[in-house]
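Have a look at the structure below before the remarks.
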Amino acid sequence: MKASTHIGSTKGGAPLPVLPAASSGTLGRHLARRLVEIGAHDVFSVPGDFNLTLLDHLIAEPGLNLIGCCNELNAGYAADGYARARGVGACVVTFTVGGLSVLNAIAGACSENLPVICIVGGPNSNDYGTNRILHHTIGLPDFTQELRCFQTVTCHQAVVNNLGDAHEQIDTAISTALKESKPVYISIGCNLPAIPHPTFARDPVPFFLAPKVSNQCGLEAAVEATAAFLNKAVKPVIVGGPKLRVAKAQQAFMEFADASGYPITVMPSAKGLVPEHHPHFIGTYWGAVSTTFCGEIVESADAYVFVGPIFNDYSSVGYSLLIKKEKAIVVQPNRVTIGDGPSFGWVFMADFLSALAKKLKKNSTAVENYHRIFVPHGIPLKSEKDEPLRVNILFKHIQEIISGDSAIIAETGDSWFNCQKLRLPENCGYEFQMQYGSIGWSVGATLGYAQGAKDKRVIACIGDGSFQVTAQDISTMIRCGQNTIIFLINNGGYTIEVEIHDGPYNVIKNWDYTGLVDAIHNGEGKCWTTKVRTEEDLTEAIAKATGVHKDSLCFIEVFVHKDDTSKELLEWGSRVSAANSRPPNPQ
């Protein structure tokens, strides 16, 4: 009997590949259904000969939207951004030339605890165990180079080169990504996706991840010891950290904050994870470059609760935080440490914070101290007519347009510091990549985040140096019909590098950025660009971007002086420079 065929069309109207009905029982169909089931409805890809058959099956899945990117690095960044918006992301590339190109983005996702499913179309299963040399490799009969690279930046690796255990390998990899909140690597032999196999005959078994449950004795002991420590403190404070996300503890964090009455602050990399409209929120704790009055309240406290922190040279401003270990309670996703000890393992953050909330005496002393010393933020000096635009004026106007329907993406650079000072309205999203700090991340991440959070209008702040790394995927944003507002801050170089250590290598070739985006747009899709040099220009541009062009991708090139930086970057840069240039210890 002749197999029936299924013919349909993609969202863009192109014909779907013709696949036999038996395809419902194939590896490719199983993987596609699993991605839909876990919430990765958009998959970012770059085609190559080893993954083409697999891409056919992903396109054929009705619930899946395959988004072709301009290069693998941006596909990986897009999966990172999508995971931030939706909880999981996925990308598909080809063997080695694609895999090693996406590797940097996967490393960034690993550093930020994001579950990204990185799928690679691998060699034909018959080539494994032979002495053959394949294209897309470095010319040795060794297919493990890519795998060995991914082992250091993923929590699980699956090389699928036979159908017998493919089902189990794929499900184990995906479930591990979700449980560990880290990227995983799945390589699938290029000849396998379309072959029917009995293990794929039925729908995938319903997905279930066993919840992590704290050790009850350890939990009780940790809560009792912490409550005793905090209840005798005079002016305790709370500092939220970036691991709140991976611990899924934001709600429990707010229970704890409400019950305690302590001031709420965040480390810079946790901005957006804690509601800033809360009456006890006092800003970002970032050592010498903290929100005004916030650093003083934290560092003068006699007890501080760090919830999910990452202490590195950037977040510690070159190791210059005035924090004493004996005063600190550090709550990590699965461990609580009080001062110099004791430390309680297998105690999960959300369980701990909820239980602790019930044991605390309310203490608002530090909040009251903050209100006593607080002086309202200075307002930027009014611009003179036709005066060149200043960065602080730009961000004053950005503050005025953000709402709960917005999300901010801040590129590595001075945008870190300027966006950090934005006061986020309730439900406003906020993302940046502080641990890995890869310049260019924001272009792909903006694409992915906007695709995953269609209820929000993304506002991306990107420096010219970073934009030059990954500019191409503005093309994909336009093709996907996104209405992001991109503020391209043109100051002629790598300003964050200048403030750490200057040199001629920090000056870049100036581009006609709006001209470039117009060329990429090429009359297809909705895109509007403009150049801004004064506050009057900026006001007019924002009015158009939020009015007549609200349904278009809006690209606003903002010209500012090369030395117009935030005061926080100047301070931070000098301290990080000092940390980088410490002489070797005597041997």
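Using N, Cα and C of the backbone, Cβ positions are placed for all residues, glycine too.
Please treat TrEMBL annotations as automatic predictions, because they have not gone through curation.
Quick caveat, the model's predicted, so the values are computed rather than measured.
Under 8 Å, Cβ to Cβ, and six or more positions away along its own chain, ASN491 (Mg(2+) binding site) finds GLY463, ASP464, VAL560, HIS561, LYS562, ASP564. Under the heading Mg(2+) binding site, TrEMBL lists ASP464, ASN491, GLY493.
Sequence annotations record features per position, and here TrEMBL assigns domain 'Thiamine pyrophosphate enzyme N-terminal TPP-binding' to 26-131.
Averaged over the domain 'Thiamine pyrophosphate enzyme central' (223-340), the predicted model has a pLDDT of 96. Here TrEMBL flags 223-340 as domain 'Thiamine pyrophosphate enzyme central'.
As annotated by TrEMBL, domain 'Thiamine pyrophosphate enzyme TPP-binding' applies to 433-558. Broken down by DSSP into helix, strand and coil, the domain 'Thiamine pyrophosphate enzyme TPP-binding' (433-558) contains 57 helix, 28 strand, 41 coil.
Highlighted in sequence order, GLY463, GLY465, ILE489, ASN490, GLY492, TYR494, THR495, ILE508, LYS562 have their Cβ within 8 Å of the centre of the Cβ atoms of ASP464, ASN491, GLY493, the residues recorded for Mg(2+), and are not part of that set. Secondary structure of the domain 'Thiamine pyrophosphate enzyme N-terminal TPP-binding' (26-131) per DSSP, as helix, strand and coil residue counts: 52 helix, 22 strand, 32 coil.
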